[in-house]
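What TrEMBL lists as compositional bias 'Polar residues' is 126-135, 150-180. Residues or ranges marked as compositional bias 'Basic and acidic residues' by TrEMBL: 136-149. Positions annotated as domain 'THUMP' by TrEMBL: 1-107. As annotated by TrEMBL, region 'Disordered' applies to 123-206.
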Amino acid sequence: MYKTKKKKTRVILRMLPISGTCKAFLEDMKKYAETFLEPWFKAPNKGTFQIVYKSRNNSHVNREEVIRELAGIVCTLNSENKVDLTNPQYTVVVEIIKAVCCLSVVKDYMLFRKYNLQEVVKSPKDPSQLNSKQGNGKEAKLESADKSDQNNTAEGKNNQQVPENTEELGQTKPTSNPQVVNEGGAKPELASQATEGSKSNENDFS
């Protein structure tokens, strides 16, 4: 399927390789792995490896302890066995399902997309995937352009708004002329009347 890129099943999603089973307890797993891992890792056989762990419906097994113990067993079988998490020759698959531990050693585990049949037939240069990515990019550009237009219109509206209260801008409304008050506190009309009265008195004396 990896070479032909032809899907041969519509029901199977992923195949789980199992070469041996044991009870899902740490001591049972260690005892079984000492003989199970010999064909791949015991001298003179050697290689790089990684351990893939997955547990379902089980809470009494610690992931870190299982990986540490199995890696120690592989290294005791041959000191030249090395851990490689990027491109290992072998992958030790540990699948715990309830009280059962399923073990297997496979090659090209990451190349075959973890044995996912739906993913292994996909080509990295699939035109449909490229078109979908390009379409998403165009939609994102259109959305960003629409958002920028909305922001520009909103800014234009804000710039066109004029505050109703001109007093805030320092422009005060014209007020009525203040009334001038003389030193005596009399209003201008009364002051003019007083001057006219004094003039008439002077004329009378003259």
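Backbone N, Cα and C atoms are what each Cβ position is placed from, and that goes for glycine too.
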Using DSSP, what is the helix/strand/coil residue split across the domain 'THUMP' (1-107)? 30 helix, 31 strand, 46 coil
Which value does the mean pLDDT take for the domain 'THUMP' (1-107) in this predicted structure? 94
